[in-house]
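Visitor: For reference, the structure I am asking about is given below.
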Amino acid sequence: MSKVEAQIEKIFTSFDKDGDGNLSWDEVFSRMSSNSNIKDPLAATKSMFDHYNRDADTENLSIQEIREVLMSKKIKQDLIRTEKALRSKVKDFRKKYDTDNDGVVTFDEMYQLYLKDPDFDEEDDELSAEEREKAKCRRAKSSCRYFFSAVDKDKNDKLSYLEIHEYLKKHPEFDLGPSQ
């Protein structure tokens, strides 16, 4: 049982005075009346029955009815939080890589940032500085090509908001990559 389901069970049990597994109108009204924060217990009881009573049984509320409504709300809230986090990540991605602020991330914009990243530096001491620089350029270009091949669906060497969004949605573990 999840934490949310345990909380639902606890609240339900506090309403279910006769312990029959259902909430009668009287049980709900009694509980609403005993809460000093509720100014109109009759309206609150009616509202609760209107909101949670999903079957033809208008006399009682089952824990299953309440659980279904609350869990569907929780799922919706989780989806909203996930979408907000995803939008924030897309915004951060564009802020980092869309260096000319034209609304798309080009291959060249990403490549130029990769070239500044020390993670792409070649550390082979036997290579000359020029050879190390060429190796770094090859590695940065290869990484950009690989990323663009996965994300750039229309193959125009530009990443749109939608392309970035769809990729990050499928790959939530994605790290924004090299530091600036």
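Just so you know, glycine gets a Cβ as well, placed from its N, Cα and C.
According to Swiss-Prot:
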- 3-38: domain 'EF-hand 1' (DOMAIN)
- D16, D18, D20, N22, E27: Ca(2+) 1 binding site (BINDING)
- 40-76: domain 'EF-hand 2' (DOMAIN)
- 85-120: domain 'EF-hand 3' (DOMAIN)
- D98, D100, D102, E109: Ca(2+) 2 binding site (BINDING)
- 139-174: domain 'EF-hand 4' (DOMAIN)
- D152, D154, N156, K158, E163: Ca(2+) 3 binding site (BINDING)
Visitor: Can you grab the distance from N22 (Ca(2+) 1 binding site) over to D100 (Ca(2+) 2 binding site)? Cα atoms, rounded to a whole Å.
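Guide: The Cα atom of N22 (Ca(2+) 1 binding site) is 62 Å away from the Cα atom of D100 (Ca(2+) 2 binding site).
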Visitor: Would you kindly check 3-38, 40-76, 139-174 and say which stretch has the most C-beta pairs under 8 angstroms to the domain 'EF-hand 3' (85-120)?
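Guide: Between the stretches 3-38, 40-76, 139-174, 139-174 has the largest tally.
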Visitor: An 8 Å radius from the center of the D152, D154, N156, K158, E163 Cβ atoms defines the neighbourhood of the Ca(2+) 3 site; name the other residues of that chain inside it, in order.
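Guide: Other same-chain residues near the Ca(2+) 3 site: V104, F148, V151, K153, K155, D157, L159, S160.
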Visitor: For the domain 'EF-hand 1' (3-38), give me same-chain residues lying six or more residues beyond its boundaries with a C-beta closer than 8 angstroms to one of its C-beta atoms, as numbers and ranges.
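Guide: Contacts of the domain 'EF-hand 1' (3-38) (Cβ under 8 Å, skipping residues fewer than 6 from its ends): 44-45, 48-49, 59-63, 66-67, 70-71, 74.
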Visitor: For the Ca(2+) 1 site given as D16, D18, D20, N22, E27, which other residues of the same chain have their Cβ within 8 Å of the site's Cβ centre?
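Guide: Other same-chain residues near the Ca(2+) 1 site: F15, K17, G19, G21, L23, S24, N60.
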Visitor: Quick check: with D98, D100, D102, E109 left out, which same-chain residues have Cβ atoms within 8 Å of the centroid of the Ca(2+) 2 site Cβ atoms?
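Guide: Other same-chain residues with Cβ inside the cutoff are Y97, T99, N101, G103, V104, V105, T106.
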Visitor: Closest of the binding-site residues to D102 (Ca(2+) 2 binding site), Cα to Cα, picking from D152, D154, N156, K158?
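Guide: Given the candidates D152, D154, N156, K158, the nearest one is K158.
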